[in-house]
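Here's the structure, in structure tokens; my notes come after.
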Amino acid sequence: MQKFLSLIIVILILYNIVKLKISPDNNNLTTVEQTASNNSSTDENQTSINNEPPISLNGNLFERTVSKIVINALKTEEGKAFFENILQPLNGPINPNDYTIEVRKDLVKTLFKINTLGSGNIGPASCGHVVTVFYQISDMNNTLISEDTKTFTLGSAPVMLGLDNVIIGMMVGEAREAIIPAKYAVNNSNNIIFDDAYNYKVNVILKSILPQNFVKSNEVKIYDDEIAYRVPLLCGEKVSFNAKITRLSNGKILYDSKAKGQQIDMKIGDITYPLIFSYALQGKVTIGTRSVIAKGKTFKTLGSNINKIISHESLPTNEYLLLELGDFKQN
């Protein structure tokens, strides 16, 4: 559907460009015919022609309407940004000359209808952090089902998988309300069982985060070479993928799973992998390549001396590195 929509809009824009090329000639022919048929109104016709917009739109009502929308939209910064996100390349691998799209929309917030209340200055929480939260879970009729203060690792899903993902991105002291779709009411605990045929309302307050190693969104740039409206990867889910780490200062490749011939099999939130891996995978749709620019310190593991990807000693912690993730297969 996404490719079809992109194709339709591309065709409309190309159609409009063609009309821009040929409309001056059509205007001249029309002017000559009008002048020959009625010489007495030459001055009036000329004045009318000079006052007309330079673009002449032909076709049926639908074509003219869509063309006007495209033209007017491209005159604004918002319109240009819209088409930048819609008219994306449909190729797979990235290289520096390819066109990529900066990721602006958090699909996870949309999926869970998350609303954030209050503010905090410690965080944000990432998949793999140990958090202490107070939560309330109700049915859609606001009947309270479960209420507790609990400490757990994000991604372990001791209550329900959806709750872990609602907490991602929170600051200590913030509160969130969300709706957990039935599919994400599953958990890894035998103590709390939710019926996965129903949606649930969740209210949660974040009380603490450990360890206090954070990925700040303003220090990281994330780009995708393809976008699609699909269910994204979530904290606690398993995925296979290829990863490549490049040092931006000299182009040296520090790690390349494809060159090794061995894909990475990872549960998002596994603290034996670099923190930036879980951060980048959270909310990713499993198509195309995701490119992440971040400092070397974010490639350290979260509270573990074991790093399955790259040794801490070889990491240039204060330099920016490029991480490329692709060839996704969700387990």
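Just so it is clear, glycine is given a Cβ too, placed from its N, Cα and C backbone atoms.
Features reported for this protein in Swiss-Prot:
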REGION    33-54  region 'Disordered'
DOMAIN    128-226  domain 'PPIase FKBP-type'
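Taken together, the residues in the domain 'PPIase FKBP-type' (128-226) have a mean pLDDT of 93 on the 0 to 100 scale. Helix first, then strand, then coil: DSSP counts for the domain 'PPIase FKBP-type' (128-226) stand at 13 helix, 40 strand, 46 coil.
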